[in-house]
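S.K.: TrEMBL lists 520-654 with the feature domain 'STAS'. According to TrEMBL, the feature transmembrane segment maps to 87-106, 112-129, 136-155, 167-190, 202-220, 251-269, 281-301, 330-356, 407-427, 433-453, 465-496.
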Amino acid sequence: MIINGVTDAKTEMMDCQPEINTQRHVYQVDTLSANNNVPAVADRRSVIKKPPKKKWKCTDYMRKTIPSIDWLFLNYRWSQDFAEDTMAGIAVAVLNIPQGMAYSILGNVEPTVGLYMAVFPVLVYALLGTSRHISLGVLSVLCLMTGKVVTTYATEGAENDPTLGGYTAIQVATAVTLVAGLVQLLMYVFRLGLLCTVLSETLVSGFTASVAVIVLTSQLKELLGVDVARRHGMMQVPNTFFDFFDRFHTINWATTTVSVITVTILLVYGKYLKERINSRLCMPLPIELIVTVIATALFQVTTIAQDYNMVQMGEIKSGLPPFEVPPVKLFSAVFVDACVIALVAYSITMSLALLVSEKLKYPLDTNQELLAQGLGNVVGSFFSCLPSGASPSRSASQQTVGGKTQMASIVSAAIIVVVLLWIGVVFEPLPRCVLSSIIVVALKGLLMQVLNFPEIWRKSKTDGTVWMVTYVTVIMLDIDSGLLIGVVVSLLIVFIKGILNEVHVLGRLPDTDLYVRLDLYAVAVEIPDVKIVRYAGSLNVINRYMFKRKLIEVTRDYDDAASATTLTVTVIDGKNPIGVQRPARCVVLDMAALQYADAAGVKMLSESIESLVSDGYDVYLAAVPDSSLEYIRCNNDVKSVRFFPTVHDAVVYHQCSNKKNQDSTYDTQPSKTSILP
């Protein structure tokens, strides 16, 4: 068929559509099991042969616990991979320098702490981790969360004057790190790697987007040089903006100018030049490091910072940090915050690691990741480190440059050690507004996640609700409170969805054995005298009455429709009718989507079936999952119900039974006349 010169593709497709033709007997579940020698439930355990357990040797445990034994000490391809890993390590190191110093500001600790985090946790993870490409170290979300705890428990000025007593900022930070690491190790011991799924991708997206707003707000003071106190706790963002506008007259225009220039350079490069330049280089151009070096050199040879009262980095300690045990007395005070930080760090890191591993087709061990990250934090806490996490930008750089293994992280850590020993002091003249500008530009992707909300809402109202609730509560209340509310709402939605059930009436697609929802498929037709009801969801103590109510509703509709059907009246020798016969009515319950049934749910199912049977219905259960079949049969008091492997088996069985009954009636009655009631 051609319409306006266009071939009717639909007709052609139907002409060549393949067909399925099959003939078989109608089966009930018992017959099907008997014909195929399926053992009874009580006998299945003895039939199933478990594969013999592998005897693990000590070396097997060591290789599983320390994956680097395989990839580094036994199977590393030095001639093929080392050059690419070295280039990737250099790329990550040049990103770590500005990011480490910048994100340390969020944690309210010295700039070198971020560089320490690029060494100690990284080396531990390289030996114990199972991801080949993630880059551990500073992460804005974790530094900000730790910074809040530092502000709460640290004594101002304790670093310079030990006589003040209390705890220094780095002592509080390392206590949080150690407790977070111990929590992750405890999760590893109890095999709780799947706990990362508590924070769904939607929740993490809303959480990180809202934290990005908090980070941006916290950096206004550094970006513009406004003399305001840093806010923490409830209503942090609204209060900060109020203070900012109230103290706007104290703005430092030199600081603002440097910030605007730095942000403009980074944004223009990222939007217009990054792809062109990086396509011609063997590794990404470290624009953040270049800007940092140029700014450092400029303010080293000029007196601009001193003339306009710009805040500079100040003294930067050279060398590696000393070994120091965090104060044990602080553990109880920071325990709750550390638990939240541990869960957030693991969830974000695992999300990134799973994304990369799925892309590059290699396995991850979620529990081993807990060991690697937890031990990395424990070791880092003794060397002045904050809780560490995987950075998207550094991990992407490590993977795109061509890194093959965690050897890239080892190379990066070695370069950072060199910086700490001899080069770090060079950055002392650098204005802090330059690092704040780097932070703000790095947050661009997280801040722009708010533009994804309409798409999230369009695809799923529940996901959109979780995203918005998390986003708003974190910004308006606090990081911990907002995250807790987001998790509770997410779990509540999962719980509600778990107890909700759906009951739909099915019809048959003409000339097929496919049964679909009547409200979705206009061409589907209902089988005469058969009401097919699909049940989807669990059947438990919570939703059992909901199931009964919905089943009554659809069968009541069936009763109303049946009242208008044709009756068969038997007439003998032209006399008055001696009897009225209505075809047997049937309800087929399609239970293929049954998720779970408990005792209370099965009892309600039995009562509902008994009620239908007493009303004159034949009741069939079709496609009951094996996990619930025997449980329903053993706890079902209604013995007249039949079980079928498919809906079509039940329908054909009922039609054949009706036809047989009608044929026997034909044999005993002289004539039949159909009339409307």
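The chain as shown is numbered from 1 upward.
Keep in mind that glycine also has a Cβ here, set from the backbone N, Cα and C atoms.
Annotations in TrEMBL come from automatic prediction, not curation.
Given the structure is predicted, the values throughout are model-derived calculations rather than measurements.
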S.K.: Any chance the transmembrane segment (136-155) and the transmembrane segment (251-269) have 3 or more Cβ pairs under 8 A, given the pairs are 6 or more apart in sequence?
M.R.: no
S.K.: At a threshold of under 8 Å on Cβ distances, which of 167-190, 407-427, 433-453 pairs most often with the transmembrane segment (281-301)?
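M.R.: Out of the listed stretches, 433-453 contacts the transmembrane segment (281-301) most.
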S.K.: Excluding the flanking five residues on each side, which residues at least 6 beyond the ends of the transmembrane segment (330-356) place their CB within less than 8 Å of a CB in that stretch?
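M.R.: Residues 130-134, 136, 139, 141-142, 145-146, 148-149, 153, 167, 171-172, 175-176, 178-181, 183-184, 187, 195-196, 198-199, 201, 204, 207-208, 364, 366, 369-370, 373-374, 377, 387-390, 392, 395, 399, 480, 483-484 contact the transmembrane segment (330-356) from elsewhere in the chain.
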S.K.: Take a look at 167-190, 407-427, 433-453 and tell me which one has the most Cβ pairs under 8 Å to the transmembrane segment (112-129).
M.R.: 407-427
S.K.: Tell me, please, if the transmembrane segment (465-496) and the transmembrane segment (251-269) are in contact, taking contact as 3+ Cβ pairs under 8 Å between residues separated by 6 or more positions?
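M.R.: These two stretches do not touch.
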S.K.: Which range out of 167-190, 202-220, 251-269, 433-453 gives the transmembrane segment (87-106) the most CB pairs under 8 Å?
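M.R.: Answer, by Cβ pair count: 433-453.
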S.K.: What stretch of 167-190, 202-220, 407-427, 433-453 shows the most Cβ pairs under 8 Å to the transmembrane segment (251-269)?
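M.R.: Stretch with maximum Cβ contacts: 433-453.
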S.K.: As a test of reading the model: what is the averaged pLDDT for the domain 'STAS' (520-654)?
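M.R.: Computed over the domain 'STAS' (520-654), the mean pLDDT is 80 on the 0 to 100 scale.
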